[in-house]
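Annotated features, as they stand in TrEMBL:
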SIGNAL    1-25  signal peptide
DOMAIN    48-162  domain 'DOMON'
DOMAIN    170-369  domain 'Cytochrome b561'
BINDING   His211, His245, His278, His314  heme b binding site
TRANSMEM  212-233  transmembrane segment
TRANSMEM  240-261  transmembrane segment
TRANSMEM  281-298  transmembrane segment
TRANSMEM  310-330  transmembrane segment
TRANSMEM  345-369  transmembrane segment
Amino acid sequence: MALFQTLIPALCTLSLLFQIQPSYSATCTSQKFGRNRIFQHCNDLPQLNSHIHWTYDSSKSALSLAFVAFPARPDGWIAWGINPNGTGMIGTQALIAFKKPGGDSMIVKTFRLNSYKSVEQAEIMYDVSRLEAEYHGGLMMIFATINLPNGMTTLNQVWQVGASVMNGTFPAIHAFQPENLSSKDKLDLRKGQSLTSTSQENSGLRSKQIHGALNTVSWGMLFPIGIMMARYLRTFADPAWFYVHISCQMSSYIVGVAGWATGLKLGSQSKGVEYTIHRDFGITLFCLATLQILALFLRPKRDHKYRFYWNIYHHGVGYGVLVLGIINVFKGLEMLDPPKKWKLAYIFFLAVLGGIAISLEVITWIVILRRKPGKSGISIRLYDGQKDSNGRQQPLTS
């Protein structure tokens, strides 16, 4: 009798374990949910040991879903979301669930993932109802019904898991292992299949790389070189410096316009993603560079009374484009996040260019201060060619 009294609790415990385990197994087809929740389709997601269950009502364009995953740690979080315009994290409209402090009861909230550094708790662009979360045996589950745009039968899904929650209210940053970075694919709601999105993703990345390369070459390289040609080459090669300067700046403008147009196209294809500072800098750069090109056609003669004001306009706008262009190149590198060698290579380029500029500045001033007016017949005019009352060339102004 004592033996049976000992075995009965153990058998009851085993019975409970065998009842729970099939409900939350490693494959979605064996997973079952309480409260009579039944879904037509399910997929075992390829990363992070996660699963998605769903039913799609085409007449209402409504998606009922359950997302199931293990958090990175027991007190971590899980997330599932839709990216309306891309295949990655940025722009995702997400549902994120985590435990309430001090227990196993769950909280689930909506978040907008605006950038890698900006996760905003806010209403997402889709209407969400029946939003709930549960925790069982180490697994976290998100349940929701999402109203999708009419005719939307495929979606870019993104999912993620994290290890901790800050102050019990906000998900901390997740790991950056390969499986974390690859937790995304395209879901066909009617066929119940995950579709590969590699070609689309590669195409988007290629467009970003082209945009970055064009603008780096334009505002970040050709434009500074063109300014150096105007400032230093004129002392030794007048009027050849003018044609070299114009060639550099025109080439910079043409390449820059191509990069700007590529950026506009990327922006139109990524309505859920906003790079406000980078975008505003890019628009300002284009406007200032256009004004600088107009300076070529508005350029008065050297002895014209408005030449002084033209110099101020031309030099001020030129240096504005120089500074803003370099800053925006670094902003773009920060967002594109290429291998570190590319950022280091651009920093090295700027350092070399700066070193050359300093050397030429010293040499130019030495030449100007030592050279007597008219000696050797070589012109040392600087933009307006004016000289002071003693007949000495005025200092460089651009």
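Backbone N, Cα and C atoms are what each Cβ position is placed from, and that goes for glycine too.
The DSSP breakdown of the domain 'DOMON' (48-162) into helical (H, G, I), extended (E, B) and coil residues amounts to 0 helix, 71 strand, 44 coil. Taken together, the residues in the domain 'DOMON' (48-162) have a mean pLDDT of 90 on the 0 to 100 scale. The C-beta environment of His278 (heme b binding site), restricted to residues of the same chain at least 6 apart in sequence and closer than 8 Å, consists of Asn328, Lys331, Gly332, Met335. Taking the Cβ of His211 (heme b binding site) as reference, residues of its chain lying under 8 Å away and at least six apart in sequence are, in sequence order, Gly259, Thr262, Gly263, Leu266, Gly332.
The full span of the recorded heme b binding residues, His211, His245, His278, His314, taken as their largest Cα to Cα distance, is 27 Å.
His245 (heme b binding site) is surrounded by 20 other CB atoms, counting those within 10 A of its CB over all protein chains shown.
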